[in-house]
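Features as listed in TrEMBL:
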type     : residues : note
DISULFID : 72-133   : disulfide bond
DISULFID : 100-109  : disulfide bond
DISULFID : 110-120  : disulfide bond
């Protein structure tokens, strides 16, 4: 979908679908906006911190040269490891969990003794997300 946000809007919140009827499970691809901070500058990004459900992109219109498009246009669901897949009622993969949410283990969540860069390393699972959406 493409949304044109009028200038007078201060925000836009949307969701494509509930996952298995639950609205608190953080498996959604996220577009994040931080507006008018740091001397009036705006920031935006596409985040897959907790998981992926839809390809997303942001393309600023009438932008200064310093603003560029960003996206995760790949279908990460198609590349997801089976143990990270969330299935819909029809059996299709409708989302892909991040490994921390799926396994809740320190080595996947970068917690406990894994909470510093020298011990928190990419995993076979995180590499899938990174390769699909660098």
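We number each residue from 1, going along the chain as drawn.
For all residues, glycine too, the Cβ spot is worked out from N, Cα and C.
Cα of residue 110 (disulfide bond) to Cα of residue 100 (disulfide bond): a distance of 8 Å.
Residue 72 (disulfide bond) counts 22 other C-beta atoms within 10 Å of its own C-beta, drawing on all protein chains shown. For residue 100 (disulfide bond), the nearest neighbour among the listed disulfide-bonded residues (72, 120, 133), judged by C-alpha distance, is 120. Listed in sequence order, 110, 114 are the same-chain residues at least 6 apart in sequence whose CB falls under 8 Å from the CB of residue 120 (disulfide bond).
Of all the Cβ atoms in the protein chains shown, 16 others lie within 10 Å of the Cβ of residue 109 (disulfide bond). If you measure from the Cα atom of residue 133 (disulfide bond) to that of residue 109 (disulfide bond), you get 19 Å. For the disulfide-bonded residues given as 100, 110, the lowest number of other CB atoms within 10 Å of the residue's CB is seen at 110.
With respect to their backbone Cα atoms, residue 72 (disulfide bond) and residue 109 (disulfide bond) stand 22 Å from each other. In the three-state DSSP classification, residue 100 (disulfide bond) falls within a helix. Secondary structure from DSSP puts residue 133 (disulfide bond) in coil. DSSP assigns residue 110 (disulfide bond) to coil in the three-state reduction, outside any helix or strand.
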